[in-house]
Amino acid sequence: MFRISIRNFFYLMLFCIPNTLLSVGILVIMNNIVSGKALMITAHQDITFFSLIAVSFVLNVIVQKKITSFSNKLIYENELRIMEKFQEAGLHQLERIGSQRIYGAIEDMRMLVLLPGMISTAITLVLTLLICIVYFFVVSAPSALFVIGLIAGIIGIYFAVNKKIAGKVHLLRQLNDNYFNLVDDILKGFKELKLSRTRRANLHEKYLKPNRADVRNTENYVANYLSVINLISQYGLYVIIGVVIFILPRLDLLSASEISAFVVVLLFVRGPINALTSMQTFFTKAFAANKRIVAFLKEMDALPGEGEVPGAAGRAEVLRELRFENISYKYPGAPTDAAYALQQLNLTVSGGEVIFIVGGNGSGKSTFVNILSGIYTPLEGRVLLNGKPILDDLQHYRDHIAAVFSDHHLFSANYEDYSLKNNEAYIALLGTMELNTIVKDDDEESARRKFSKGQSKRMALIYAMLEKRPLLVLDEWAADQDPHFRKYFYEQLLPKFRKQGKTIVAVTHDDAYFKHADRIIKFEYGNIVKDIQPDNSVLELRQL
């Protein structure tokens, strides 16, 4: 998912190498002055020293700007890629994955914004260490081999300890995902929790406290091992310096001046070694985050997407006929022996009709609404708009539909092509929906305020009407309206919308107003069991 190409890695190397050489140049001057060795540049050593520092500083400023730009560009591209995956996905995919994992992927993505800069710094530090090792060989090859052996041993211990915490870091993400689920339950189920002391206590004692305890213990485990890692690097360096000072001279491998050179360089590399060690925490979490993002995107790729890209809405044609032929649907991931949500459904909707959909829970009416709206695609059968299969151009079909779902959402901004400012149709609809005393102007901010459930559905219906699409789908729209407005909706609004050329399909339980429909269709167990016209079927109407 998050990859740095060979070309970009090469650029990072180009940024890092000059700065590394400058740092080493500063080290060489320091070491030779301390050890009393002659320098190639004998005159103006002080000017040379401070000049190298100044050039290194300026180069670092330039490099950091480039790294920042590169990092933000990389994050920008990958964030858009994730968002495109979401938009290409079907509703059932997002329902199966869950919102918490989506938010987790976004959070992981934001963590990786520091990765290019950290890689750049790590490259510089590693190059510095490599050059210092080369310098050891120049001073004394046998002693350099001895020191490298010690360093390799310490690195081996370091990675062995670090391997123990990789799984724990992944576990932390899972625990925090579960924690966000619990927070979601508390916020969205606040009223239900208030009503039940048992439910509230169980959530707190059996779920919340164990989750936080597991996070605390895992965090302590990771932090303790990271402390050990830091101490290994710190005290390991002390051991190496001790070997250089006490053991290598006894083995006649180092002279007094060479000891000084080794110690100065080892003290210098203490900074890069400690920096690399401290980075390990970030890299462990970053690589775990990247692994989760890769797994997340693979899971989304494995599910059949719709392959759509954002674009302008097409021009809707006149809806003359909408036909459903032998439609069957089963939810993805359902057991093979599970019942179909819809079975061999056949239905024809004529342009200009007002159709009421009724049925109990699990009857299939919600699944039908999702297929009608083009949100789900049938497992079997086909849907035809004016004789043309909708799957030939699914988005073109969707461009014919305006909907207010039972779990509708009012967006925080206006994503449509029209503006509400000075919009006469919008102002008129505010009056029609009796919201002109609530929303008193045509500013976008006024339209995005907090509404009651009933008011929110009225606003959603206003936006649906402003889309000027021929098919209006309403899923239990009147359920949250007061008796006055519910009566007004059935007796005045629906006839008004029909006169404007709308074809209306509404899920409803308001049997007192069934007479205002052209047809009433009843669902049971995924089948249409009744399709009647109220005017001619009074007895049947009562039996619904």
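Just so it is clear, glycine is given a Cβ too, placed from its N, Cα and C backbone atoms.
If you look up TrEMBL, you'll see 9-30, 42-63, 111-138, 144-161, 222-247 marked as transmembrane segment. Marked as domain 'ABC transmembrane type-1' by TrEMBL: 12-285. Look at TrEMBL and you will find 322-544 tagged as domain 'ABC transporter'.
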> In the same chain, which residue numbers or ranges, 6 or more beyond the ends of the transmembrane segment (42-63), come under 8 angstroms Cβ to Cβ?
Replying inline: 15-16, 18-19, 22-23, 25-26, 29, 33, 120
> Counting only residues 6+ away from its ends, which parts of the chain sit with a Cβ under 8 Å from the transmembrane segment (9-30)?
Replying inline: 39, 45, 48-49, 52-53, 55-56, 59-60, 63, 66-67, 70, 116, 119-120, 123-124, 127-128, 131-132, 135, 264-265, 268
> Can you give the mean pLDDT for the domain 'ABC transporter' (322-544), rounded to a whole number?
Replying inline: 89
